[in-house]
Each structure stands twice: as structure tokens, then as C-alpha cells.
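Here is what Swiss-Prot says about this protein:
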DOMAIN    3-166  domain 'EngA-type G 1'
BINDING   9-16, 56-60, 118-121  GTP 1 binding site
REGION    166-195  region 'Disordered'
COMPBIAS  167-184  compositional bias 'Acidic residues'
DOMAIN    198-371  domain 'EngA-type G 2'
BINDING   204-211, 251-255, 316-319  GTP 2 binding site
DOMAIN    372-456  domain 'KH-like'
COMPBIAS  454-463  compositional bias 'Basic and acidic residues'
REGION    454-493  region 'Disordered'
COMPBIAS  471-493  compositional bias 'Basic residues'
Amino acid sequence: MVPVIALVGRPNVGKSTLFNRLTKSRDAIVAEYAGLTRDRQYGEARWQGRTYIVIDTGGISGDEEGIDAKMAEQSLQAIEEADAVLFLVDSRAGMTAADQMIAEHLRKRNKRSFLIANKVDTIDPDLARAEFSPLGLGDALPIAAAHGRGINHMLQEALGIFPKDNAEEEGEGEPASEEVAEGEEPTRIPGPSEKDGIKIAIIGRPNVGKSTLVNRMLGEERVIVYDQAGTTRDSIYIPFERNEEKYTLIDTAGVRRRGKIFEAVEKFSVVKTLQAIQDANVVIFVMDAREGVVEHDLNLLGFVLETGRALVIALNKWDGMEAAERDYVKTELERRLLFVDFADIHFISALHGTGVGHLYKSVQESFRSAVTRWPTSRLTSILEDAVQVHQPPMVNGRRIKLRYAHLGGANPPLIVIHGNQVDAVPKAYTRYLEKTYRRVLKLVGTPIRIEYKGGENPYEGKKNSLTARQVNKKRRLMSHHKKAEKKKKDKRR
């Protein structure tokens with residue numbers, strides 16, 4: 001499971017700066033959930049091949065009122081959600097009463113905490129350690145978040161307490177370094193979780209019907225092997241079989257009664273949702289048809305797209321809607337979900353079971369598309385045909401040349417294209433290639449990533465040194481050129 005690390009501390013100690021420093025590899029703040037998780041931001045970060053989730057929180061000063069009290073409450077909640085806490089203090093300002101209050105809270109919660117002395121760029125780190133030693137959280141780790149100093153050592157300490165899971169040890173996703181022999185049929189790359197079948201995460205906003213859908217999927221022709229509580233925050237992993245196919249449902253909805261439909265007010269945990277997406281092969285994204293597409297839906301869909309997981313969209317509570325309402329919702333889906341137009345959309349009623357059975361076909365097709373590998377000859381042939389139909393643009397009077405393509409990874413499919421001037425390939429042309437590969441390979445429900453690699457210039461970075469013979473020749477040419485110029489000037493006079 002992906003570790004979750006919370007950044008806490010009083011205001012203006014550099015939490016947001018450190019958050020941006022840690023998440024810059026993905027260059028994104030995943031989501032801001034106003035009203036649900038006020039002033040908590042969730043980001044995904046990577047360090048030395050390891051993925052982890054960072055929670056940025058509001059400052060805690062101990063004298064909050066009104067909205068500030070709400071922000072402090074959310075910061076304390078982030079501590080409960082996290083697997084480890086990075087407690088930031090300001091080395092320049094020294095220890096304060098607020099620092100002591102937060103340290104006392106962390107000690108009481110018995111949470112694995114690391115004391116981080118920020119802003120040591122102008123202060124002796126040893127002095128900072130001595131200053132904050134009375135907090136009783138061990139030696140402070142000195143960093144300068146603004147300049148990136150001490151970050152690697154800090155992450156080594158913080159992430160070192162978590163065991164690496166199999167996916168991290170084998171590399172992210174399913175690498176496809178092993179080539180398919182020319183002429184072979186495309187094959188499926190077995191994933192590390194194949195013994196549990198396809199892992200399906202049911203995600204969505206609160207009260208869109210996730211619990212009802214889970215119960216409905218388990219209640220139809222089910223053979224439940226066992227219910228196993230997840231290791232983190234009540235996520236439930238439920239292996240089951242349907243039509244001799246193995247699946248594992250990852251239920252993030254919380255309260256659920258097996259055997260009967262039970263729709264409670266769902267406890268929404270961003271951490272649970274993000275971890276479920278990371279651990280799944282396919283995500284079923286549940287939306288409320290009566291509410292349409294809202295901003296929270298787009299935030300979560302953006303994270304699914306960023307992680308590269310296969311996607312199926314289920315529009316729940318479709319029954320009982322008037323024809324005009326349905327037409328409006330379909331128009332909104334076409335307009336606002338263009339960035340995930342590769343995903344199948346199902347209109348269902350989890351309560352009555354309408355359309356639920358069709359989800360399995362889309363799940364299987366999406367998974368198959370995400371983990372299939374293709375030979376280099378096939379991918380190159382598709383590239384050549386695409387270039388012949390629509391050539392890349394000219395750059396500085398020269399045509400971009402795309403020479404060949406091969407598979408660089410799976411889940412999601414990564415197609416590596418080699419050529420010249422590939423840094424100048426426009427995004428619009430990349431989208432054209434993505435759609436071409438999707439259409440020809442008949443890929444459904446999975447994003448495609450295209451990576452370009454240019455040819456290496458063996459003389460790049462080397463100074464052009466002339467031989468003695470070349471130097472003499474250059475001098476003669478320059479001398480001849482000067483004499484010719486002088487004759488021209490004399491004639492003009």
C-alpha cells in the first residue's frame with residue numbers, strides 16, 4: 001500500500017514550500033476538496049522509484065477561532081489519516097508555544113513522527129537540533145525546503161520505515177522490456193496481482209451509490225471467497241468469482257452490510273480513494289446522474305488519468321429520470337469529459353441492478369487493453385501509416401522525422417517513438433498519434449502514453465578542433481578573400 005505522509009506545523013514554517021518540492025515530479029496538486037477537507041491538499045510524489053502520498057495542511061497555532069479553528073481541526077484529522085508525520089518547525093524563529101503544543105499532541109497519538117527543522121540555509125544545523133531537542137521527538141532533520149537542501153536524507157529516514165511492496169521492487173506498472181518476437185501475436189503481460197484476478201476500485205463522491213453498487217455486484221451470482229479488511233483506513237478487499245472469472249473489489253465506501261443493500265451516509269476519505277486508485281487495475285468511477293458532472297468528479301478523474309489506470313464510468317440513479325433530463329446529462333458528459341473520452345460510460349441503477357452486469361465486460365476489455373503487449377514491427381507499421389496520412393510539421397525548415405516505435409511499458413500502454421527533432425513535436429500531433437494507435441489496436445478504457453526519444457549526436461558537446469593542414473588552408477582562403485575585397489574597393493575608386 002502507498003504510504004501517506006502528513007506535513008504539519010504552525011503557520012509559515014514552510015509546509016507548502018516542502019509540499020511543492022516533494023510533488024514537483026508529478027507537477028500537480030491532486031485535489032482540493034473545499035468543504036470536505038478544508039485546507040488539506042493531497043499530492044502524489046515519487047522518490048527513488050517509490051510512490052507516496054503527501055498531505056499539506058493548514059497551520060496550527062493554538063488560538064484559532066472561526067474558520068481558523070476549522071482549518072486546525074482538519075490538520076489534526078490529517079495526522080490521524082497519515083502513516084507518518086513530518087512536523088516542521090522554523091529554525092530562524094526558534095521554538096514557540098505552538099510547536100510545543102503540536103509536539104505534545106503527536107506524542108499522545110503515538111504517531112510515527114519526524115521533527116523537521118526548516119530554513120537552516122542561514123543557520124548552523126547543530127544549533128537548530130539543540131534548539132528543538134526539548135520537544136522530545138528525537139533529533140531534528142535539518143532542511144532548506146526552498147532550496148532543496150536535506151530533502152533526500154529526510155525522505156530516506158521517513159520512507160525507510162515502510163516496507164517496499166512488490167510493485168515498487170519490480171518497478172512501477174508493468175515494464176515491457178521483453179520484446180515480442182516479430183510475427184508473434186500480441187500477448188497479455190501478467191500482473192503481480194493476477195492470482196487475485198482483476199482488482200477493481202469503486203470510487204466516487206459521497207452518496208453517489210458506491211456501497212449499493214458493491215453490494216449489487218457481490219449479490220449477483222457471486223462466490224465470495226473471503227472478506228479481508230484492508231491494512232489502511234477500512235478499505236475492504238473482497239475477492240470473488242463471477243462466471244469463472246476472478247475479481248477483487250476494493251471497497252472504499254466504508255459501512256456495508258453483506259447480503260442486503262445498505263445505503264448509509266458514506267464517510268469520504270480522500271486518502272482511501274487515492275490509495276485504492278493506486279492499487280487497482282481498473283477503476284469504476286461512480287457518478288450521480290441527477291447531479292451531473294461536478295468539480296469534485298473532475299478532480300478525482302484527473303488523478304485516475306494521472307496514475308494511468310484503466311477506467312469505466314458508471315452513471316448511477318439513471319432510473320426515474322425524464323427523457324429531457326437524460327438528454328441534458330448526456331450533453332454535459334460529452335462536453336466536460338472529453339479528456340477521458342476513451343472510457344466506456346454505463347447508465348445504471350445500482351439499487352435495482354439495471355445495467356450493472358454490463359460493467360464486467362467493460363472492466364475486462366479495459367484490463368486487456370491496459371496489459372497487452374505488441375511487437376515493434378506492429379507499432380512501427382502503425383506509425384508509418386499515420387505519418388503517411390498526416391506528416392509532422394516543419395521545424396526551422398526541416399521536417400520532423402519519426403522513424404520507429406516500440407512498447408516501453410504497460411498498464412497504461414507506453415509507446416516509445418524514436419526520431420529526429422522529437423522535442424518539437426506539437427501536442428496536437430501527439431494526440432493524433434494516440435487516437436491512431438487507439439483506433440488501430442482497438443484499445444478501450446485505458447489511457448495511452450507516448451514518449452519520444454531523439455537520436456544521439458556523437459559530436460554533441462565536442463569542440464571542433466582543426467588540423468594544422470586545415471588551419472593553413474583557412475588562412476589562405478581568408479587571405480584570398482581579403483585581396484579580392486581590396487580589388488573591388490580599388491575599382492570603385
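Placement of Cβ uses the backbone N, Cα and C atoms for every residue, glycine included.
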Task: Around the Cβ of Thr57 (GTP 1 binding site), how many other Cβ atoms lie within 10 Å? Please give the count over every shown protein chain.
output: 26
- request: Compare the Cα of Lys210 (GTP 2 binding site) against each of the binding-site residues Gly9, Lys15, Thr57, Ile60, Val120 and report the nearest.
  value: Thr57
Field: Top Cα neighbour of Gly9 (GTP 1 binding site) in the set of binding-site residues Gly204, Asn207, Trp318
entry: Gly204
- prompt: Which site among Asn12, Asn207 has the most other CB atoms no more than 10 Å from its CB, taking these as binding-site residues?
  reply: Asn207
- prompt: Which residues does Trp318 (GTP 2 binding site) neighbour through Cβ under 8 Å, counting only same-chain ones at least six apart?
  reply: Ala289, Arg326, Phe347, Ile348, Ser349, Thr354, Gly355
- request: Using a 10 Å cut-off, grab the number of neighbouring Cβ atoms around the Cβ of Lys15 (GTP 1 binding site), all chains included.
  value: 28
Query: When a 10 Å sphere is centred on the Cβ of Lys210 (GTP 2 binding site), how many other Cβ atoms does it contain?
result: 28
- prompt: Three states by DSSP: which one describes Thr57 (GTP 1 binding site)?
  reply: coil
Query: In the domain 'KH-like' (372-456), how many residues does DSSP call helix, how many strand, and how many coil?
result: 32 helix, 29 strand, 24 coil
Statement: Nearest by Cα to Asn207 (GTP 2 binding site), of the binding-site residues Asn12, Lys15, Thr57, Ile60, Val120, is Thr57
